[in-house]
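Asks: Pasting a structure here, questions to come.
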Amino acid sequence: MSEPLLPGAAPEGGIAAVVVLAAGQGTRMRSSTPKVLHALGGRSMLGHVLAATAPLAPRHTLVVVGAGREAVEEHLAQVAPDARPVVQEDQRGSGHAAAVALAAVPDLQGAVLLVNGDAPLLRPETVTSLVDAHRSAGNVLTVLTAEVDDPTGLGRIVRDADGAVRAIVEQRDATPEQRAIREVNAGVYVGEAAALRRALGSLGEDNDQGEQYLTDVLGLLVAEGAPVGGAPAEDPVDVLGCNDRRELAARRRTLNDRVLDDLMRAGVTVVDPATTWVDVTVTVAADALLEPGVHLRGTTSVATGAVVGPDTTLVDTTVEEGASVVRSHVLDAVVGPRATVGPFSYLRPGTRLAAGSKVGAFVETKNVQVGEDSKVPHLSYVGDATIGRGSNVGAATVFVNYDGVEKHHTRVGDHVRIGSDTMLVAPVTVGDGAYTAAGSVITTDVPPGAMGVARARQRNVAGWVRRRRPGTAAAQAAEAAGDAGAETAADTRAEASE
Ligand code: UD1
Ligand code: CA
């Protein structure tokens, strides 16, 4: 018979709380944006940390905010509405931040994961194995450690002759012998709430920075004789922090390599990993092909057999089976099965291309549905429109959707032929099977099957060049072609009024 859970106690297998320390200034970023909001791979640093800890299914997720707190709180409301911001008014150190978080949930019991907000490469497996190590050792505190080549700036893990962890010493407070240690504090800890509270309550500020160091909790618990431990991360790369823009670029590169490795292992062809950037939130199916210079962002998905690139950016876009997008910039669009886009096109939000359709070169689209097998092959603007199936929009057509105040919709039916250089002045409908004449300005509906012609008739002023441009190469060419420079009476009248 199991006892009822104590208030605030962790569910079986779960964890009581995740506490993300994110109140620090991040001075070294030299940014007006709080450090934890800087983004890489499609998420903020804070977002990555929350994603890595989410599988622990904590009862509480607390984020300690301070520097730039309004921006961090707003971001949290968007990406992690279940997380609770806890304000640390003055940034008196990582230990003080942890104490403020625990004070916000006074009845909290059980295991608490504490993690720095600037560890964007952290993976769920790393966090889970730390919690497992903590539980199987029966510790009150376990710190994630990493063996690194260059430990500069990081807290060193001091072990005794038996290999037991005794203390964490910050670089600036370390002796030369301690500085030679290459095992460092990763900034991820799991501890029992009661022990943490006790130790955090007796933290001093007797260090080089005059701050309350979370890292000192470990030494305090060792002094109590409590069981503490250090669990080395399987891959030291996972725990790298991010304190300035150079580190941000390096972490972004690492994260991207990780994403591309996963994709390639899953059967995606990545022609040039060095110039291909894929957010962690993107999905790409096996046998899709990414050419060099491709950026896939947000909720983008690419289906099997699709080809993207070279030099293409897709944001929040769905590319379906066998489609291709070449040298184009695409936002919030759907490129249907076997549809083709580009080269050099700009697809804006709301573009929906049905199966087998085509948006060719130098075309801009926005809020438009292009039906099955319909084509907009060259040099056009298509905004706020519905195009049926099997239709063709001639080169240099403009869907004139804006009257200076409001946007209007254009309907083009099935099997329509829009002549080149047509202006379709919305709101307007071109019926099924209709045509428009090249160069027309269509301002009223064209009924099904009709030809809409809306342009002046052509007239030729005979002999004009020889009379008006005598002696030019054009005049000589005209003469050689047999033009005597003669004119009709109508031409003379027209010319006189010009
Ligand atoms: C910290 C650790 C160090 C470890 C390293 C790993 C301490 C004292 N040192 O150093 O042992 O090797 O991380 O990357 O913790 N924060 C607050 N409030 C504060 C101060 C800090 O919330 O008053 C937060 C920061 O936003 C940050 C985290 O605590 O996410 C750590 O602070 P930071 O200044 O980045 O510590 P490091 O010098 O990197
Ligand atoms: Ca840091």
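Cβ from N, Cα, C; glycine included.
So TrEMBL says this about it:
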REGION    1-245  region 'Pyrophosphorylase'
BINDING   LEU21, ALA22, ALA23, GLY24, LYS35, GLN88, GLY155, GLU170, ASN185, ASN243, ARG348, LYS366, TYR381, ASN392  UDP-N-acetyl-alpha-D-glucosamine binding site
REGION    246-266  region 'Linker'
REGION    267-498  region 'N-acetyltransferase'
BINDING   ALA395, ASN401, TYR402, SER420, ALA438, ARG455  acetyl-CoA binding site
REGION    467-498  region 'Disordered'
COMPBIAS  471-489  compositional bias 'Low complexity'
Asks: For ligand 1, pick out the binding-site residues ALA395, ASN401, TYR402, SER420, ARG455 that have a CB under 6 angstroms away from one of its atoms.
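Replies: From ALA395, ASN401, TYR402, SER420, ARG455, counting a Cβ under 6 Å from ligand 1 as near, there are none.
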Asks: Which one is closest to TYR402 (acetyl-CoA binding site) in space, judged by CA to CA distance, out of the binding-site residues LYS35, GLY155, ARG348, TYR381?
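Replies: Ranked by Cα distance from TYR402 (acetyl-CoA binding site), first place goes to TYR381.
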Asks: I'd like the number of other C-beta atoms within 10 A of the C-beta of ARG348 (UDP-N-acetyl-alpha-D-glucosamine binding site), please.
Replies: 17
Asks: Of all the binding-site residues given, LYS35, ARG455, which residue's CB has the most CB neighbours within 10 A?
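Replies: Counting Cβ neighbours within 10 Å, the top one is LYS35.
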Asks: Compute the C-alpha separation of GLY155 (UDP-N-acetyl-alpha-D-glucosamine binding site) from ASN401 (acetyl-CoA binding site), stating it in Å without decimals.
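Replies: Each residue's Cα considered, GLY155 (UDP-N-acetyl-alpha-D-glucosamine binding site) and ASN401 (acetyl-CoA binding site) end up 61 Å apart.
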Asks: If you count CB neighbours within 10 Å, which one among the binding-site residues ASN185, ASN401, SER420 has the smallest count?
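Replies: Fewest other Cβ atoms within 10 Å, among the binding-site residues ASN185, ASN401, SER420, is found for SER420.
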Asks: Would you mind pulling the DSSP three-state label for TYR402 (acetyl-CoA binding site)?
Replies: strand
Asks: In the structure shown, which of the binding-site residues LEU21, ALA23, ALA395, ALA438 has the fewest other Cβ atoms within 10 Å?
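Replies: It is ALA438 that, of the binding-site residues LEU21, ALA23, ALA395, ALA438, has the fewest other Cβ atoms within 10 Å.
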Asks: Given the binding-site residues TYR381, TYR402, which one is most crowded in terms of C-beta atoms within 10 angstroms?
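Replies: Within the set of binding-site residues, the most crowded position is TYR381.
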